[in-house]
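For Cys2, the entry in Swiss-Prot reads active site, nucleophile, with the evidence type sequence analysis. Under the heading Mg(2+) binding site, Swiss-Prot lists Thr305, Asp367, Asp368. Annotated domain 'Glutamine amidotransferase type-2' per Swiss-Prot: 2-235, in sequence order.
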Amino acid sequence: MCGIVGIVSQSPVNQSIYDALTLLQHRGQDAAGIVTVDDENRFRLRKANGLVSDVFEQVHMLRLQGNAGIGHVRYPTAGSSSVSEAQPFYVNSPYGLTLVHNGNLTNSSELKEKLFRRARRHVNTNSDSELLLNILANHLDHFEKYQLDPQDVFSAVKQTHQDIRGAYACIAMIIGHGMVAFRDPNGIRPLVLGKREENGKTEYMFASESIALDTVGFEFVRDVQPGEAIYVTFEGEMYAQQCADKPTLTPCIFEYVYFARPDSCIDGVSVYAARVHMGQRLGEKIAREWADVDDIDVVIPVPETSNDIALRIARVLNKPYRQGFVKNRYVGRTFIMPGQALRVSSVRRKLNTIASEFKDKNVLLVDDSIVRGTTSEQIVEMARAAGAKKIYFASAAPEIRYPNVYGIDMPTKNELIAYGRDVDEIAKLIGVDKLIFQDLDALTGSVQQENPSIQDFDCSVFTGVYVTGDITPEYLDNIAEQRNDIAKKKREKDATNLEMHNEK
């Protein structure tokens, strides 16, 4: 899962992109990068491992000159954590092209071989984002002309859609031309468009979430539609075209459960409101199914994604709502940390209990989901150590039983605590007295309350049904082998830092 930003302006964009990336930091804390186009049509790039605030110092910001640029925060699901795989990526032909990407391609191996045979293009890393950039570059190269028109750009995106499968929201810049943003035909990963008027001219911005627009003074216009491409010239002219044959909106349900900020709006859905609805429905289920609900003394969220959900549950059950955990905001989100050992060590560094809220009480803990069970088990241990008598646990998402292949680090079914287990077995493993999960129809219904036009979602982690229709058991076995923690460590050890000029 990553966050992406692109701005075409009439004034320097370095600070605006930086500010937008800080607002998308929750989508990835592994690496960050910005590339701008200066007055001499040169790319200015800075990317490195770390948080946005660590990667960009004043000297870097001063060198990132230009009125157009793109940015990225990374959480790796493919490839390694090497800085050589940080984004943006760059190719010098045709024109000079750079790209940022959020998502995951599901036919990377096939594409890499095909690209080399067809175009003699070498992809130097294991990143599917570099591969995607080269696919797009190859299609743009076919026009063999000095100046592209918007239709040429749309044609290249259309051919790219035909080649690649999976989830992808992308923003690319073409030297001497402009910026193009496009979204996969299923709309799995989010992408929004914003604009602002400056000195009588319109400036445009793309971002993974609407919150990134708000803070830098851009007005939300709309979501980029599934399969659509929007092209903005560096002079500020905007063009849009549907580039997929059969687009359909099936957004990832986990965006609303976990990834997106509550103050964002994605595909016509207020993330905050959707989470309140999740709390309403889960609270009603608890009241309906638990005979001992009166024994609950207090409702406590596992911060921060579940705060709004837990507050609504407390109101439905007519129970006190308390903040029993204090979060250290300078530790990354544990679920999206690569490596089980790092996830385990970070939980206790991230959270601390307020003992008075637990001592001698029957506590209902509320979390957005239970993935590996790492966080849940340790949180329960902390609650017991703080003096809780009984611990009930409610998950705002159903049981996660299947791997994700569209950009979330759930690569192996054996890493998922719910795989092959029922609710009682999961409860025993994480150490709670009672456990309840949200029903899938209640979860999807919570989001549809905000936008009834969304007919379906990617719910593959709950159902095992993958919306792209190309996922086989062999593919799942392959990514399990490639993406387990041992394989990740080996790639990081072998990684070589080969990249274009980086503003040190």
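Heads up, the Cβ atoms here are built off N, Cα and C, so glycines get one too.
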Listed in sequence order, residues not in Thr305, Asp367, Asp368 with Cβ within 8 Å of the centre of the Mg(2+) site Cβ atoms: Val257, Tyr258, Pro301, Val302, Ser306, Ile309, Val366, Ser369, Ser395, Ala396, Ala397
Set of same-chain residues at least 6 away whose C-beta sits under 8 angstroms from Cys2 (active site, nucleophile): Arg27, Gly28, His72, Val73, Arg74, Tyr75, Gln87, Val100, His101, Asn102, Gly103, Ser208, Gly407
Intrachain C-beta neighbours of Thr305 (Mg(2+) binding site), sequence separation six or more, cut-off 8 angstroms: Val257, Tyr258, Pro262, Arg275, Asp367, Asp368
With DSSP assignments reduced to helix, strand and coil, which class does Cys2 (active site, nucleophile) get? coil
Asp367, Asp368: which of these binding-site residues has the highest Cβ count within 10 Å of its own Cβ? Asp368
Specify the secondary structure state of Asp367 (Mg(2+) binding site) as given by DSSP, simplified to three classes. strand
For the domain 'Glutamine amidotransferase type-2' (2-235), what's the mean pLDDT in this predicted model? 95
